[in-house]
Amino acid sequence: MQPGPGGGGAAAGSARHRKWPMKRRVPVAEPSLADPHQLFHDTSSAHGPGGYPVHRTPGGLGYASPSQPAFLADPVSNMAVAYGSSLAAHGKELVDRNIDRFIPVTKLKYYFAVDTVYVGKKLGLLVFPYLHQDWEVQYQQDVPVAPRFDINAPDLYIPAMAFITYILVAGLALGTQDRFSPDLLGLQASSALAWLTVEVLAILLSLYLVTVNTDLTTIDLLAFSGYKYVGMIGGVVTGLLFGRTGYYLVLGWCCVAIFVFMIRTLRLKILSEVAAEGVLVRGARNQLRMYLTMAIAAAQPLFMYWLTFHLVR
């Protein structure tokens, strides 16, 4: 059944005037301005996510510059940092200025100014000092030359290395006898260091009591007293290889060598100039100086035997 003319017009008019819902246009971002794989929102714009304003800082983005923490933006913090820096610089300058009063760094550098040639010649002199003629220390403008230029100059390199090597050899000797333990090795090291300290202090006290005017310093005495560890190492190593007979032979040789070395070295420092040249000088003070020189030299073999005899069996 077809609709009438009137009905058809009404239906067409209603269809013509019906309002269809409007489609919302979604703005398409340009490829250069958006990345479909972007994980975070861009907060560099004036408004962040949700429409909240983002306060910009002098760093250029919406957050503080990585090179400058946020707390440093405070003037009080800047002042505190500047004050701390100046205080640290002043403290470093004060330490550098007064460190020589407690630790003679400059003098220590002199005693470690050695080279391979000097070490080889010095070790040979300690083991065989009988053919050496000139025992005087060389000076340049009233300052002793560095040990690497003068074999007669005292150094701390050989005594320090010899002391460490002696402790290692002592540990090896204790290990071969199934007596090794960290406590016993520490006791060995502390005992050797204590005897060395007592020896140096006793020499200083003796020089003070005898009123000897000498240019020997505490470091010089420490160096001369430390040379005996070279012979001690040789004795213990020989004892480990060849038994007590080899130990006594090598240690006896080294004891005589260190005695001669100390006599010929210290006589130029302790005795008067005339007596040091071999001229017989009478007088109680000169005799005391001679006895003191011989006592210091004779003490070296005693310490060498005392610190090594229990390591060889």
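Heads up, the Cβ atoms here are built off N, Cα and C, so glycines get one too.
So that you can see what the record holds, here are the features copied from TrEMBL:
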type	residues	note
REGION	1-21	region 'Disordered'
COMPBIAS	1-11	compositional bias 'Gly residues'
REGION	38-59	region 'Disordered'
TRANSMEM	156-175	transmembrane segment
TRANSMEM	187-209	transmembrane segment
TRANSMEM	221-242	transmembrane segment
TRANSMEM	248-267	transmembrane segment
TRANSMEM	288-307	transmembrane segment
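Most Cβ pairs under 8 A with the transmembrane segment (288-307) among the ranges 156-175, 187-209, 221-242, 248-267 are made by 248-267. Counting only same-chain residues 6+ beyond the ends of the transmembrane segment (187-209), those with a CB under 8 A from a CB of the stretch are 163, 166-167, 170-171, 174, 216, 218, 221-222, 225-226, 270, 292, 295-296, 299, 303, 306-307. Long-range contacts of the transmembrane segment (248-267) within the same chain: residues 125-130, 132, 135, 152, 216, 224, 227-228, 230-232, 234-235, 238-239, 275-276, 293-294, 296-298, 300-301, 304-305, 308, each at least 6 residues beyond the stretch ends and with a Cβ under 8 Å from a Cβ of the stretch.
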